[in-house]
Amino acid sequence: MKISTTQIERRFEISSSLVGLIDGSFEIGNLFVIVFVSYFGSKLHRPKLIGIGCFLMGTGSILMALPHFFMGYYRYSKETNIDPSENSTSNLPNCLINQMLSLNRTPSEIIERGCVKESGSHMWIYVFMGNMLRGIGETPIVPLGISYIDDFAKEGHSSLYLGTVNVMGMTGLVFAFMLGSLFAKMYVDIGYVDLSTIRITPKDSRWVGAWWLGFLVSGIVSIISSIPFFFLPLNPNKPQKERKVSLFLHVLKTNDKRNQIANLTNRRKYITKNVTGFFQSLKSILTNPLYVIFVIFTLLHMSSYIASLTYIIKMVEQQYGWSASKTNFLLGVLALPAVAIGMFSGGYIIKKFKLSLVGLAKLAFCSATVHLLSQVLYFFLICESKSVAGLTLTYDGNSPVRSHVDVPLSYCNSECNCDESQWEPVCGNNGITYLSPCLAGCKSSSGNKEPIVFYNCSCVEVIGLQNKNYSAHLGECPRDDACTRKSYVYFVIQVLDAFLCAVGLTSYSVLVIRIVQPELKALAIGFHSMIMRSLGGILVPIYFGALIDTTCMKWSTNSCGARGACRIYNSTYLGRAFFGLKVALIFPVLVLLTVFIFVVRKKSHGKDTKVLENERQVMDEANLEFLNDSEHFVPSAEEQ
């Protein structure tokens, strides 16, 4: 989903905040059934539940792709009502002195001609529902799959199998980014229109790749992969001795269940005790200061990563002019392998140096520090906003403007009868981008000859070039060499940041189970996961998207006159706002980790809390002593 966010935003003409809501619908679906799966999953047929989950994920992916087949062809020139299949400059808005534009129709005519064709504008709801269905389907796959492997693998083999699963998962992510890069190069209506008639390129802010193709492929693969799970046994075949023991245990469990059913009164008391014990356990972890601090700083830390993962493609596109295809490719080839290597290295460091609770917290502190420094460095890699006449400059290109709203026309285009809402950018040979050939004052063009060039552009001429052909070519002006160099530095830092932060984040999975009593590990992990999904996975894309929307300088306008997707952002404000909010999230993480380390040192009383297999009891005793000193009562098994 995150690979295609910019494509979906443009195709459905929606804002970044709404795309963030669609992206978070995966976590919403997950939260709907996570309690059911957590409680009933181990009691039901796990392979079949996993198969159902895969099938639901596949169905959801196909549902997300369906709007493409019902929305009609993508019209990238909606503001000008230009048919994208007609690659003719006669349709492009040139300067028409003393003539009325054919586009100056009454609102009723526009609605009559355009709004009917745009009846699919709300079909993003199907993408929302499909992504939610994917979230529902994903819920049983990981927890039940891991427990199934761990329960029935031969002794000593489960780690190998789980490692293989993790490697395959990371390989799948890399493959997904490669496919995303390929599909982003393909035009959205590939196979339906003559591609030679499409005059925009993947670098154009209106370009929409074949976003639907990725969901269609992944949906079909998920449905096919679900089939084998329905034929897996509830209990895989085991050696004869293990089978006899399992049969004996099964008989005992069956008799125990019969006894429970026979005594309904005792069963009601049993349920009541379990419910009471659950709330007592929940109260215990929520009144544990270490756990509360841990939840807060991990939420803040992960929020920064979620924001990067969701909007990194948009950031790179707007800052450095890279296409989504190029960004996806480099992320898949460089950044994701760096994360995988970092996670492996983090696990090795924890095992090699036998890190204590303080050591684990220090490793997390180093991770957060590196991430904070990288965000600070990004401030120096922000490119200046593009020179766009009518947005950052006056239309004659001579003076900057404080606000891009209601920039007055210049004498060079005041008689051209231009529609200022149009977005058909051209690049003048002075290096300035104009919103349309008309607003550049261009009076003639090269016809259908590629590349399309416009001549006699009066606003370009105003710059004062002597003995030059005052022309402009179709498309925005490219970034300068200095900005291009910054883009390469940015990506190098991004890869290093991904690696070093992955090293530190590995410690979080160990910390969460070391700061609570052993019988509360499952509850602590589950509650932490719920907070990460609800306050991180759902909310972060929404409020970061809303922040990004505030930096938009030019919104598209659909044929009904409503606001669509953003065409161009103020890259300077965008970079400062995006990285500034990330710094605001990460800095408190360092403060809370410092407090965390101080509290652990103060309460541990010099106990050796190293993560050693032969010293696990010593570590647990130290943790229990800390919890008891803090007066955090946890109901015992008998009391529950």
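Each Cβ is built from the backbone N, Cα and C atoms, and glycine gets one as well.
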**Request:** Compare the topological domain names that Swiss-Prot gives for S15 and for K314, and report whether both residues sit on the same side of the membrane.
**Result:** yes
**Complete:** Of the candidates C412, C427, C438, the one Swiss-Prot records in a disulfide with C418 is C438
**Asked** What is the separation, in Å, between the Cα atoms of C412 (disulfide bond) and C459 (disulfide bond)?
**Response** 5
**Same-chain residue ranges lying at least 6 outside the transmembrane segment (493-513) that approach it to Cβ under 8 Å** = 291, 294, 298, 301, 305, 312, 334-335, 338-343, 345-347, 349-350, 355, 357, 360-361, 363-368, 370-371, 374, 377-378, 381, 521, 524-525, 528, 611
**Request:** May I ask which of the disulfide-bonded residues C418, C427, C459 is closest to C442 (disulfide bond) if we compare their C-alpha atoms?
**Result:** C459
**Request:** With a Cβ cut-off under 8 Å, give me the same-chain residues at least six positions beyond the ends of the topological domain 'Extracellular' (1-16) that come close to it.
**Result:** 22-23, 26, 67-68, 71, 74, 78, 121, 123-124, 127, 131, 134, 176-177, 180, 184, 188, 205-209, 211, 214-215, 309-311, 313-314, 317, 324, 328, 544-546, 548-549, 556, 558, 563-566
**Message:** Under 8 angstroms for C-beta pairs, at least 3 of them, ignoring pairs fewer than 6 apart in sequence. Is the transmembrane segment (124-144) in contact with the transmembrane segment (160-180) by that rule?
**Reply:** no
**Asked** Which residues of the same chain, at least 6 past either end of the topological domain 'Extracellular' (181-211), have a Cβ under 8 Å from a Cβ in it?
**Response** 3-4, 7-8, 10-11, 68, 73-74, 76-77, 84-87, 317, 321-326, 328-329, 332, 423, 452, 474-476, 556, 567-568
**Prompt:** Are there residues at least 6 beyond the ends of the transmembrane segment (363-383) whose Cβ is under 8 Å from a Cβ of it, and what are they?
**Reply:** 297, 301, 304, 319-320, 346, 349-350, 355, 479, 482-483, 486-487, 489-490, 493-494, 496-497, 500-501, 503-508, 511, 571-572, 575-576, 579, 582-583, 586-587, 589-590, 593-594, 597
**Fill in**
In this structure, the one of the disulfide-bonded residues C412, C418, C442, C459 whose CB has the fewest other CB atoms within 10 Å is C412
**Item:** Per-residue pLDDT averaged over the topological domain 'Extracellular' (181-211), given as an integer
**Value:** 90
